[in-house]
Amino acid sequence: MIIIDGKNYACVVCLRGHRGSSCQHQERALIEVRTRGRPLLCKKCRAIKQQLKSNLKCVCHLQPFLPFANEYQELLNFTQKNPILASLFLFSTDKDIMNSSLNPASQAYTFDLGRTLPISEDILGYRKPLSLTDASNRIDASQLNEKENDSFTINQEADIFNFAKYLHSKDDISGIP
């Protein structure tokens, strides 16, 4: 095995023939030899294990997930300005949040009236965005005034649509441990 920058490398032929530990071929294309056993779940636990030189079980996934402080504060400020949004977010469950974050393409924003507001595919990053006039044209005016307490105005629908678009632009779960 050839050691470069503290990592073990071997050629493809030797790795396929299960001779990676005795490979001395420097003229062939080299591939990093992975360590044996199950990989650790996160880089933090891997670094701790290398420092302590002992077996360590990763417990990072057991720690509760807290939303980012700035984004959470922005959400609170926005919902205080729009009480309708506050009621929508109070009744969402962890399962709903998890489903919408895992598969945003299949989700449409559903409100108390049972109507759905179409997702702009610009949120998902691959098509021209819906304009607010398009969204308001898709809302049936007869549904807006069915119930006084439950109905939204077009401006409130547009606010909710913009907020949903804002939330999806903030979605970046790559940094979650």
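Placed from the backbone N, Cα and C atoms, the Cβ positions cover glycine too.
Range with Swiss-Prot annotation DNA-binding region, chosen from 1-40, 121-160, is 1-40.
The Zn(2+) site is defined by Cys11, Cys14, Cys23, His25, and by the 8 Å test on Cβ atoms against their centroid, the other residues of the chain that qualify are Ala10, Val12, Val13, Leu15, Arg19, Gly20, Gln24, Arg28, Leu30.
On the 0 to 100 pLDDT scale, the DNA-binding region (1-40) averages 85 in this prediction. When other Cβ atoms within 10 Å of the Cβ of Cys14 (Zn(2+) binding site) are tallied across all protein chains shown, the result is 20.
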